[in-house]
Amino acid sequence: MLTYDTWEEPAITFPEDDSYKGALSVLKWAYGHYGDQLVYACSFGIEGIVLIDLISKVKKDAEIVFLDTGLHFKETYETIEKVKERYPGLNIILKKPSLTLEEQAEAHGDKLWEREPNQCCYIRKILPLREALAGHPAWLSGLRRDQGPSRANTNFLNKDDKFQSIKVCPLIHWTWKDIWRYTSKHELDYNILHDQGYPSIGCEPCTSPAFTAEDLRSGRWNGMAKTECGLHE
């Protein structure tokens with residue numbers, strides 16, 4: 001089994017010229033290789049909706065983890081409920097941080113995300129995902145290369161030093177237009193905030209409409225020297 005400890009640049013190739021740009025081939029390999037040990041950490045943005053639909057073609061009872069920070073838009077929770085209705089076999093887990101927002105405010109001060117967003121992300125996202133991935137050799141992510149400069153070199157299979165795991169990214173060759181074409185063709189429900197100028201959706205206090213079409217994550221952490229929550233750095 002390919003794991004963090006046995007990692008070598010994989011001699012595995014996936015076709016990129018099919019209608020899925022390699023995504024379905026990657027998923028079939030990943031679930032065939034890891035089975036129930038493979039976890040999808042999903043934010044339920046538009047890429048996540050597409051990837052869930054593809055996953056459902058391969059493993060109808062896949063485990064999907066949502067990092068429930070307690071700060072998400074209500075529209076995000078509404079999207080999760082729609083996904084549950086469409087794919088009743090999926091095992092969707094809402095993973096909460098060990099600290100409630102009240103406990104975090106007591107320990108670190110109110111609205112930590114405004115003063116120390118990196119620490120807030122660490123408490124409410126990184127630590128919970130680390131717990132969720134414990135004992136799992138690999139996880140899925142919906143990263144795409146054209147989401148921004150920090151993701152341009154993502155591969156199908158990646159050695160993930162942060163979580164000491166293998167990060168599998170089936171959608172790396174999909175463009176923003178590919179995502180929306182697939183969504184429309186298959187009539188997938190998605191977060192309505194995408195129709196209101198939010199191409200990338202995270203926690204409500206740290207998410208604004210995008211400022212530029214060239215960087216779909218330009219609406220995240222507005223005014224701060226920060227473009228990632230830390231999960232993919």
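Using the three backbone atoms N, Cα and C, a Cβ is placed for every residue, glycine included.
The [4Fe-4S] cluster binding site feature in Swiss-Prot is assigned to CYS120, CYS121, CYS203, CYS206. The Cβ of CYS120 ([4Fe-4S] cluster binding site) lies under 8 Å from the Cβ of GLN104, LEU112, TRP113, each of these being in the same chain and 6 or more residues away along the sequence.
Annotation comment: Swiss-Prot describes CYS229 as active site, nucleophile.
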Any idea which of the binding-site residues CYS121, CYS206 has the thinnest Cβ neighbourhood at 10 Å? CYS206
Assigned element (helix, strand, coil) containing CYS120 ([4Fe-4S] cluster binding site), judged by DSSP: helix
